[in-house]
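Listed in TrEMBL for this protein:
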ACT_SITE  C437  active site, nucleophile
BINDING   C261, A262, A263, P264, G265, N266, K267, E291, D320, D340  S-adenosyl-L-methionine binding site
DOMAIN    152-526  domain 'SAM-dependent MTase RsmB/NOP-type'
Amino acid sequence: MSLYYDAAPLLLPNSDQAGSLKSRVFNSKGHKSPPKQIFALVTEASKWSPVLSEVIEKSRLLQFERKLTPNLALLLVHDLLLAKRGISAPSSHPLRLAVERHKARLHAELTKARLRKGLSSIEVLRERIEAKDGGEKRAYNGSAVATGLESEAGFGEWPHPRWVRVNTIKSDLDEQLKTTFAGYKTVQSLEELLRYHPSSAEKLIHVDKHVPNLLALPPATDLSKTPAYLNGHIILQDKASCFPAYLLCPKFEDGGCLDACAAPGNKTTHLAAILHDGGRAAAIPNIYAYERDKGRASTLLTLLQTAGAQDHVIAKVGQDFLRTDPAKTPWDSIGTLLLDPSCSGSGIVGRDETLNVLLPSKETSGLLPVQSKKRKRKPTVDTTLNVHDVSEEIPIREDKPSDQLSGRLTALSTFQLKLLLHAFHFPKARRITYSTCSLYAEENEHVVMKALRSSIAQERGWQILRREEQICGMKMWKMRGKVEACIDIAMDEEIDMAEIAEACIRCEKGTKEGTQGFFVAGFVRQVESPGTDQLIDQEWEGFSDSSSAP
Ligand SMILES: C[S@@+](CC[C@H](N)C(=O)[O-])C[C@H]1O[C@@H](n2cnc3c(N)ncnc32)[C@H](O)[C@@H]1O
């Protein structure tokens, strides 16, 4: 029974315990049950809470059983009706008995709740709830098959499609459409795909209009067991995450390409695919991939192997990009750099989702919506190759008292700017992309503005890669940077802030574009004054140990 006592307080609002649900569960020493079990129960019960609260209220369980609290009732009813093993408590436990004596009524109410939503089976209901939870919100908005769940939960977002990048090192778009996606119906608009109903027999696919070799599939499509995924013919990568390598547009003749923050390796393998170019890149590995974290670097190595990119990439396992000396060989011949540093991760779909719990009311007069404080997940170190599990981001730590948002953003953006300025020192560098999966201007436009105003940028002639200079798909992309955010930083009236904002690319999450929240900007060096490289290289003295990311 300890499981339910451990889990119940976690469903309540106004907890003064800071941190994400995960950190509260996994870092707590006061729990008697295994943290994994507590976490699973709380997240599952929250997911099902709109339906189960209705069931509890209609069955009048809380009126019959006065000892039960709404949160305990939610957990116990969840396990009674939905868990394979039922309630995890001794069969004679009074609280278990208090719920089990209403089993028939509760079952009947669950069936009625499902039928009211017009759903044919509990499996279909489960599918809907899973789809909703995976960020697939408002999936069926406006369609004739509205479930009723949308209005209860107040969804206002578009679902997040499953994005698939065809790995052109091993396959091509045509081949994938004829094999892995044979039998799928191609739809011309992403919106049509996002309105797809999961129980429909029709399989839909959309070929992206911005990024080459990118496909969108309906939310919750599971490709993890397909041969194409297992053999690295396709890579599950969000659309926005494909922007940096595509915008960087590295060419073999540019010289070496450097990915400064590589793990788990989605963008590195994308760079390799772009550079593959008829096998030339295979002859001379010319992509350097830095990954400071050894655990994450092992994921990178696995992904490189699976994607067939191991011959194109020299992985710098456990090495810090900030410790490279740009003046030394081979760094002195690097032509393009991709910087995708650690960030707040605020743009990641599902990352900042609140735990939405709808507790049943004791009075049966309606449901009590409870929205817990905003929480972020604890850092995870991923060492397996399941791209579903591997985050591109290491979320910021939140277990320190001083870890307030503005402090964290300052620390992150200081590190991000340092990385960018270091990249500006590479003597043969011509193009750089800087990206984050953050929504905050501090990590995005502010970093760009500060970088452009730096002395190294001015000495080396680094400029923003203007919209009209960008590769076609990026030029076409409508969502651009925020002028107000540029103005926040601009002090130099000569800088055209509208042009810089226009050059920056933003993606929002939950829109009908189907992306995660993301930001990318390109830098280009068009003029190089003679002798400047030498001067700057002499000036660069490396960063001290204290220059690491927060
Ligand atoms: C946002 S993730 C990169 C995601 C990756 N670009 C992708 O697309 O799969 C940031 C990564 O940069 C690494 N990192 C942070 N600072 C670094 C540094 N100074 N040198 C090398 N790697 C660094 C982190 O360990 C983390 O794995």
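Glycine residues also receive a Cβ, built from the backbone N, Cα and C atoms like all the rest.
Since we're looking at a predicted model, the values are computed, not measured.
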Neighbourhood of K267 (S-adenosyl-L-methionine binding site) by C-beta distance under 8 A, where only residues 6 or more apart in the same chain count: S241, P244, A245, D259, L338, D340
Rounded inter-Cα distance in Å - G265 (S-adenosyl-L-methionine binding site), the residue listed as 'active site, nucleophile': 15
Among C261, G265, C437, the recorded positions whose C-beta sits under 6 Å from ligand 1: C261, G265
Tertiary neighbours of A263 (S-adenosyl-L-methionine binding site) (same chain, Cβ under 8 Å, six or more apart): E291, D293, R296, A297, T299, L300
Confidence summary for the domain 'SAM-dependent MTase RsmB/NOP-type' (152-526), mean pLDDT rounded: 85
Least surrounded among the recorded positions, given as C261, G265, D320, C437, when other CB atoms within 10 Å are counted: D320
For S-adenosyl-L-methionine: widest Cα to Cα gap among C261, A262, A263, P264, G265, N266, K267, E291, D320, D340 in Å: 19
Cα distance (Å, whole number) from D320 (S-adenosyl-L-methionine binding site) to C437 (active site, nucleophile): 21
